[in-house]
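**Student:** Sharing the feature lines straight out of Swiss-Prot:
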DISULFID  CYS42-CYS83  disulfide bond
DOMAIN    145-173  domain 'ITAM'
CARBOHYD  ASN45  N-linked glycosylation site
CARBOHYD  ASN88  N-linked glycosylation site
MOD_RES   SER141  phosphoserine
MOD_RES   SER144  phosphoserine
SIGNAL    1-22  signal peptide
TOPO_DOM  23-111  topological domain 'Extracellular'
TOPO_DOM  133-173  topological domain 'Cytoplasmic'
Amino acid sequence: MEQGKHLAGLILAVFLLQGTMAHVKEVKVDDNREDGSVILICVTNDTTITWLKDVEQIGSGDTKKNTWNLGSSTKDPRGIYKCEGSNNQSKSLQIYYRMCQNCIELNPSTVAGFIFTEIVSIFLLAVGVYFIAGQEGVRQSRASDKQTLLNNDQLYQPLKEREDDQYSHLRKN
């Protein structure tokens, strides 16, 4: 019973690996050039090669060298590239150059995120201003709020004779 499981596992492994062992062309990248250009190299023995970018044919390259020049790396040659021979089998290679480390790619979801964040921040700022402005501040005193300290609008209160009251404690002779 134990040998039957191992045999079934071996047959399954051979069957599944059959597709990966088939000869599939590879695409390599050469971007260490002095002029800054990016060159794709198709590793195959076919003489006729068709180059594809994002499933669209971009042309036939140099069949002697099996290469395709993408141009300068500063022009951002991004995409999924394939080289196909006569049997139309190829591995795809995704190329993505990001020249700016601090740049933001403006796709629709990024723009929507910026707009949503802006609306939320303006709303929160408006709510904050509303609550701060709505608070009661220091009230202005009214005439009815004043306490009468001296009767009949007296400006000064006369001191009693020979009594200095509180001023006598400040100065000592």
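Numbering starts at 1 and runs along the chain as displayed.
Here the Cβ of each residue, glycine as well, is placed from N, Cα and C on the backbone.
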**Student:** Give me the count of other Cβ atoms within 10 A of the Cβ belonging to CYS42 (disulfide bond).
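**Tutor:** Summing over all protein chains shown, CYS42 (disulfide bond) has 26 other Cβ atoms within 10 Å.
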**Student:** Which residue counts does DSSP yield for the topological domain 'Extracellular' (23-111) in the helix, strand and coil classes, in that order?
**Tutor:** 7 helix, 36 strand, 46 coil
**Student:** Taking the Cβ of CYS83 (disulfide bond) as the centre, count every other Cβ atom within 10 Å, in any protein chain shown.
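**Tutor:** Around CYS83 (disulfide bond), other Cβ atoms within 10 Å: 27.
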**Student:** List the Cα distance (Å, whole number) between CYS83 (disulfide bond) and ASN45 (N-linked glycosylation site).
**Tutor:** 12
